Amino acid sequence: MTISIQNIIPVIHATIHGHTNEGVVNHVSIDSRSLLNAEGTLFFALKGSRNNGHHYIPQLLEQGVRFFVVSEMPQDTKNATFFVVSDTLEALQKLAAYYRTLFSFPVIGITGSNGKTIIKEWLNFLLSPDYNIVRSPKSYNSQVGVPLSILGMNEMHNFGIFEAGISTVNEMDKLEEIIRPSIGILSNIGSAHDEGFENTSQKALEKWKLFKHSEVVIFKKDKTFENLLALNTQEKFTWSFEKNDNASVWVTTHESSVGTELTFYHQNSNLSVIIPFTDKASIENTIHCVMVLLYFKYPVDTIQKRVAALYPVEMRLKVKNGVNNTSLIDDSYSSDYQSLKIALDFLEHQKLHTNKTIILSDIYQSGLPVTDLYHRVSQLIIANKINRVFTIGEVISGYKHLFPNAIGFSSTNDFLNQMEHLHFQNETILVKGARDFQFEKIVTALEEKTHETVLEINLNALSNNLNYFKSKLKPQTKMMVMVKAFGYGNGGFEIAKLLEHHKVDYLGVAFADEGIELKTLGIELPIIVMNPESTAFEAMIQNKLEPEIYSIRGLQSFIKILESKEIYHYPIHIKFDTGMHRLGFEQNNMLELLAILKNTSCVKIASILSHLACSDDRNETEFTLHQIQLFENLSTQLITTLQINPIRHILNSSGISNFPEAQYNMVRLGVGLYGISSNEEEQKYLENVGTLKSIISQIRTIEAGESVGYNRRFKASSKTKIATIPIGYADGISRHWGYERGYVTINGKKAPIVGSICMDMLMVNCTNIECKEGQEVVIFGENPSIKYMAKELQTISYEIMTSISKRVKRVFYRE
Ligand SMILES: *Cc1c(COP(=O)(O)O)cnc(C)c1O
């Protein structure tokens, strides 16, 4: 993309402030982390209800960005040029809509409740032999994602495939203007985002708006819906499983041992394809893709050949632990310029190791001449400060001189044969290759071999939950996030890193060790240690950790150490006990506390805090209000006597929800970040963060009267199918969850845990569930939820989360 500044100004209706109104931009960015070439970047400072791009401007100025679209002028402008608009998102959308008008090739627009991304990826695969396709990267289908996708178009493309997702009324008009699809696909109308609409027909009609200017729309025949559409004039190319529906195409399905055979009856001819899937979603997604090929009048044998090669789409990037303390980012199914950009962004966000390596195959479908393409790839790789590059494939290896420390291989096997000499260690490795290079072999070879149980952490869900709580705060209220106990069992460093990006104000840990680990790994946010032991004070000072001080003894010993080191104004946090009766000063300590504090300049009171005992319990409101009142009194005495102006904070997660008037200047978010609320209404807005998964090791069938496990605590009353799963109480699954009280989910169905849970294994009854050995099993996540388990086990979610043992591998991913 290349647009001159002169062209942009009238499109986005900006007033210009600053240095110049000349120049061209060739990259649009909304995220400070994904800078390519700073000079040619136009940064849109988007302002969400929770995050504000304007905050990143000083840092971007440092990095050399010169063009900004803003809704408020920053204080320091460093000779850069600012386009001031009233709404930066609208400006981005207008720019994309304008940019779209510069291209006239066919564009497919996909919307619907499910399947959009898979249909898009599959169509890309099916059509790519004949076109240079530009498509939405990953699932960029939102009000922000769609314009960014469109801005990825360039003069070499001759076909576009974009997805559009909406969550409420009146959003589609904007996306329609930006995508302007000539061919529409409505994948289906499910229940996703129902809350944003009055009823299903309203939702369906809103989605249909994407096709306002399309020549044809492909969808599954639906009578009620078509009645609503009676007046619309687009050609409708429909399909149905029912012969007498009079759809344009009738489809039958037949399940076999290798997958599903689909037969399409269309205009007196028919066509059969076999796909390696049997689930309803994959079948419908395939049908939508075949409908496009039929619409384009592809020959039967071409359709059969291409559809037979469809593959499962990996929708997200995963970080895995690799050999020799490496981290692997597995993106082994696609290779195109857009997705390379995303993968490099992801790599940059992770910042797990300083050294970064990429293993990269030939790149397809860029729409650019090969030499141009690899020059751009080289720019991208250099801008992302990649230390080593391994190129695999004849084409890319011909350009390896463009990359830093590059070694070229002609094939994946060639690389695998030499892998042991390549010394992978202490680095993050991005593995990115086109499907036919079979890079999954490389991932398997580099992956650390552990047992198959993993706790998957959804980083998007964490961001969502953080933003939800941010939205409950007054704009000036600061936020501290508790990452004690290894981020409530979910991972300390990775989560701290994410919180740092989101610019929270403080992190909280329980013990000095936890804080030292985070600081050692490079976390820069201030960290408060909640239960500092005097023996750890020295180490805390060395690592710039800030202690919570809760007793005269602790205060005196901390001051003594500071005096001996001649350190002044060291930040500390004074804790009052207002009713929890765990840690903290009380009224009767006040005189002594004041006397000590008046006589020292070694410490500075950065904040005053207290902790609520029952902010989640509506029956104890009076007690909580009393705690808040007492905190007000005690903290005020300190503030007025010492003439100081510290931060005050008392609310934990449920306090934020139930006592918003007591926000003071900061809150301490804990369990809510991890997706748990004590309030049912609020729970709906939080997303599940952790999913504990394992696999089936073995399946057997036992007869009536036979038993399972230690002490024969389960006896079958009839023929029963039993699956063994390699996770037990040593992994943190309570034995009380056995004896058919608890269950796991296999294939979306409940399989009760039978008999006693063993140390490293448990057995489930899967009699009525279709499953096979090696198949995935969900121990907790969406279903059963941690909250449900906690209730059944008469404990609290905190205990379930923090019990998962360290031997369970944590895998972090972003959607
Ligand atoms: C753990 C903790 C919190 C967070 O509590 P949640 O209920 O998880 O939100 C807040 N303050 C202190 C002092 C804590 O120890």
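Cβ atoms are placed via backbone N, Cα and C, with glycine included.
What TrEMBL says about this protein:
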ACT_SITE  Lys484  active site, proton acceptor
ACT_SITE  Tyr710  active site, proton acceptor
BINDING   Arg582, Met759  substrate binding site
DOMAIN    689-813  domain 'Alanine racemase C-terminal'
MOD_RES   Lys484  N6-(pyridoxal phosphate)lysine
What number of additional C-beta atoms lies within 10 angstroms of the C-beta atom of Met759 (substrate binding site)? 10
Just the number: how many Å between the Cα atoms of Met759 (substrate binding site) and Tyr710 (active site, proton acceptor)? 11
Under 8 Å by Cβ from Arg582 (substrate binding site), counting only residues of that chain that are 6 or more apart: His611
Expressed to the nearest Å, what is the distance separating Tyr710 (active site, proton acceptor) and Lys484 (active site, proton acceptor) at their Cα atoms? 36
Quick one: DSSP breakdown of the domain 'Alanine racemase C-terminal' (689-813) into helix, strand and coil? 23 helix, 45 strand, 57 coil
Excluding its own, the Cβ atoms lying within 10 Å of the Cβ of Lys484 (active site, proton acceptor) add up to 19
Which three-state DSSP class does Lys484 (active site, proton acceptor) fall into? helix
Would you mind checking how many other C-beta atoms are within 10 angstroms of the C-beta on Tyr710 (active site, proton acceptor)? 11
